[in-house]
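Reading through the structure tokens given below for one structure.
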Amino acid sequence: MSERIFIGVAWPYANSQLHLGHVAGAYLPADIFARYHRTRGDEVLMVSGSDMHGTPITIRAEQEGITAAEVAERYHQRFMASWPKLGISWDFYTSTATANHARTAQEMFLSLYEKGYIYKNTVCQPFCSHCNRFLPDRYVEGTCPHCKYEGARGDQCDNCGKPLNAAELLNFRCKNCGNPPEFRETEHFFLKLSAFEEELIRWVETKTHWRTNVLNFTLRYLKEGLKDRAITRDLDWGVPLPLPGYEGKRLYVWFEAVIGYLSASKEWAASKGQPNAWQKYWGGDTKSYYFIGKDNIPFHTIIWPAMLMGKGGLNLPYDVPSNEYLTTESQKFSKSRNNAIWVDDVLSRYGVDTLRYLLSANMPESSDTDFSWREFVRRNNDELVATYGNLAQRVLTMVCRNYDNKVPEYGELDERSLTLIEKTAAMLCETDKALYNCNFREAIRLAMALAQEANRYLDEKAPWKEIKVDKAAAARSLYVAMVALSGLRVAFYPFLPESSGRLSTYLGFGSELEKESWILKMPVVGQELTPPEPLFKKLEDSVVEEETARMGL
């Protein structure tokens, strides 16, 4: 029975390029999940967009001496160019700079305001007398009061993940000039999170299918007690507050950006000429998944659900499969540390499926995982080239050369051959279960294990020897190996769409796997094959030294 799946993916700040940490954290797992569900025949809507209004953008604009709009548009266009290179299959990708998004965000604000979930309050905010302005949260840095991390921001500590406000920081300073700010009174609007605390606890306690790290973090945060949070800032860049007399204030990005999932859905529907089509993905039995990095957990398991509860009539998240951090040399990817590995740069030298494979096999699902170029080369050469790619190349080459580019007659299969076919079918069932539950590392491990088993079968049967004395016996062995390849092209497709499409074409099935089902499709005798090209390329050991030198390590 088909399902309807909504996939919301974290919105990247349009202030820098994409690096591997971004891809492993949210974008690759979301794409894997979307491709998997489409192949199952499910209805899928996967949306995201560029976050154009965050303070990181205004900070960069000031550093470069240009407008925030210019910075945001520059990186939005770079993102748009990067997604196809990565094979990210958005149903719709937009930005927070659209009139549709501003309207949707303002409607959400007014709905919550009219219901009493947003209220005005006079608060003390950091004011830099040297810069002569109020400082939004990311313009203030200092030491986290919880974990003592010295690089915490005025909105959140990246080290321990706890949301903060600037007044909580120790040794705080203005990010722009380095001077300590003073605190002055200003009026802001607050989201009444405290009103949703008990309802959120009851709701989260039902989410036993969530990843343990996500569930525990959320419950711990909830049981510490929710504080109301300001949702406006003294800025001139962002979505204007939809109330008269507050022209100098904007909706703050953590409130505004999550509304992008809804505004993107509406924009997608309008682009299809069906303006109400978004509604089926936000109601009924649709399951909503949000793919994010761990620094965004509270915004998607507490704040966004509270906003949806207050608004009413919209589905709450079914799952928030947040990943931990991908690190290098045990440090989080960071431009300031000079250890970021930029996506466009990597893809200018290596195949997209090679990158997707390593990031999938090493995905930080429950704990931080470390990226290394040595592992990149080893896995490419040992697993993609020598195991999976070699299996496809030698089987299809032998069949094309010796059986006129067609699937041969294979006769009666022996027990060993039937066992491999059964294992292939079982692998598809097991990967189906793993992918359904967002266990991506397990799914790709199962697929590669089947490739290893198929190679063992081929080595035992040795069709290159059989063909010299018994062409029919060789045909049986090669046919069974093609059955294994047929299963592998499906299992690997969500992870490795480019090479899976080519393998599917070589096998005579065509390249559009999403038009099939998550089943083992048997090659038909006489089916036309295409002489194969290697699926993957071997990498030289020198790559390790060259790439670490590029990073200055």
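Counting begins at 1 with the first residue displayed.
Keep in mind that glycine also has a Cβ here, set from the backbone N, Cα and C atoms.
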Using Swiss-Prot as the reference, determine which range in 12-22, 45-55, 199-209, 232-242 is annotated motif ''HIGH' region'.
12-22
182-186, 332-336, 537-541 - the range that Swiss-Prot marks as motif ''KMSKS' region':
332-336
Quick one: give me the count of other CB atoms within 10 A of the CB of C157 (Zn(2+) binding site).
23
Proximal but sequence-remote residues of the same chain as C147 (Zn(2+) binding site) (Cβ under 8 Å, at least 6 apart):
C157, N159, C160, K162
Could you give me the DSSP helix, strand and coil counts for the motif ''HIGH' region' (12-22)?
3 helix, 2 strand, 6 coil
Just jot down the residues in the same chain as C144 (Zn(2+) binding site), at least 6 apart in sequence, with C-beta under 8 A of its C-beta; none if empty.
E150, A152, C157, N159, C160, K162, L164, L169, L170
